[in-house]
Amino acid sequence: SERGPPGREARCRAESDMQAGGGGGFFPRGRPRSADTVRLRKRKSALYSAAPGAGGERGPDLIGENIYLVLFTITLRVLNCFLVQTSFVPDEYWQSLEVAHHMVFNYGYLTWEWAEGLRGYSYPLLFATIYRVLQLLAKDDVQLLIWIPRLVQAVLSALADVKLYSLVRHLENAETAKWVYLCQLCSWFTWYCCTRTLTNTMETVLTIFALFYYPLEGSKTRSSCKYLTLVALAFIIRPTAVIPWIPLVLWHFWQEQKKVDLVLYSYIPVGLVTLGISLIIDRVFFGEWILVQLKFLKFNVLQNLGTFYGSHPWHWYLTQGLPVILGTHLPFFIHGCIQAPKRYRIFLVVVVWTVLVYSTLSHKEFRFIYPVLPFCMVFCGYSLKQLKTWKKSAITFLLLSNLLPALYTGLIHQRGSLDVMLHMQQLCNNSSNQSWASVFVMMPCHSTPLYSHVHCPLPMRFLQCPPDLTGNESYLDEADIFYSNPFKWLNEEFYNGTLPTHLVFFSVLEQEISSFLALNGYEKTATVFHTHMPQGRIGSHIYIYTRRVK
């Protein structure tokens, strides 16, 4: 990296030869230019105009890549954003948009994690900034509050897709990069997640950007400071983001000759600056000094209290988690692991390490291993490149087999949680409704977003489900108590209290509380489809019951 362009030595030799043969002048005296001199000039020109496949003439650039590729990717991810109209997990609202809404508009609801200091404000601050700008421009319409944060996340994911292409192009060639890029774009799980306002999504984006600067063997874009900064940002947003990077950072340290310089001039400065910024941000919004990353790791990893929200067997990621998020990419991933060069073994180590570490935790979710998916796509792309006779068939198979789950999960499965909020927005559109209307959501806690998707101070309540932090084994949260006997709970809760004007609940609950609804004058006013696969407390439809005004 310290040597100049490869043509420098050739030019210096040519100039010295001309000076020696021409009596010390720049051009030789009394003799014509030799053919060798002309050939050297041609060679020099060829050196500075690289072949298109090696990153030469590719048209105008944007963020270091062909502008048309960048614009195409952004356009695709924007389309992706609008074709994902379903709910995945509560955290995509309750740990981002709901917090941002509370930060800017000073009303809303913060979950128990924020009272305990388990979450940091760094990620919600991104959306709070957007909300603040909209507020200053008097454009804080509820639809803009919903869609602009998701569009921003979509654009960031698109830039990450381009960086993944650029990484492989620099490591290998444009041909291999093309197949990795194709695998990334047609992954159904990436399509499903990459435009959602989840910390896991931002973690994945930052992981790809950090990989671009990681000093992998043969990398032409290596920068220890840049990749470590991006890893540190991912850690601040979601502390478990450090798990995939443990083998990569250790491998870098092992390969680095100037280990002391790496620690003194990269590890320590980057760690102190990013952690300091996180501390200041959280100090501003919590009102006290608090290290949320330590509390997060203590709760989720050391104490393993995430089991309160469900547990799975140790092999779940191996038998269900990873195969499901890979989908039909799985055989190409296995083939690519066999065919890929040895220098990519570190990527396979990252995938295996991350899956094994998460397997030791009882509470498991598909999204937790989403950040390893780009590593898998490198192997899938390499597999496609190695195929000879069945390449077109393989591509067609990948595209069609991922299209169906992408569209179904994005447009149909679990869409009721968002569609029902449209009915709540109608209560806000009429100012007279706000004065008397109130909503009680009788669904598993955090089944729907709240004020970020309503944007008016409408009285709203939902069933609470904070975990017990005192070690009480017989503890039951409000939602569990409610579902143990819904009719009894409702009669006791509203015995002397004011009944809400609107009740929202899943269809599976209707029969159990039908007597309460009839006695108190409630009528079904809306039915919203939710899923074809009802399970437990989650029904196929969501019902809205409105109390008759006497």
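Even glycines carry a Cβ here, placed using N, Cα and C.
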Candidate ranges 125-145, 146-166, 314-334 [criterion: TrEMBL lists as transmembrane segment]: 314-334
Cβ contacts the transmembrane segment (368-384)/the transmembrane segment (262-281), at least three under 8 Å, sequence gap 6 or more: no
Remote residues contacting the transmembrane segment (262-281) - C-beta distance under 8 A, at least 6 residues beyond either end: 120-122, 125, 224-225, 228-229, 232-233, 235-236, 252-253, 256, 289-293
Same-chain residues at least 6 beyond the ends of the transmembrane segment (227-250) whose Cβ lies under 8 Å from its Cβ atoms: 120, 122-123, 199-200, 202-203, 206-207, 209-215, 266-267, 270-271, 274-275, 277-278, 293, 296-297, 300-301, 346, 349-350, 353-354, 357-358, 368, 371-372, 375
Beyond the flanks of the transmembrane segment (314-334) by at least 6 residues, Cβ under 8 Å: 183, 187-189, 355, 358-360, 364, 366, 368-370, 373, 376-377, 379-380, 383-384, 394, 397-398, 401-402, 405
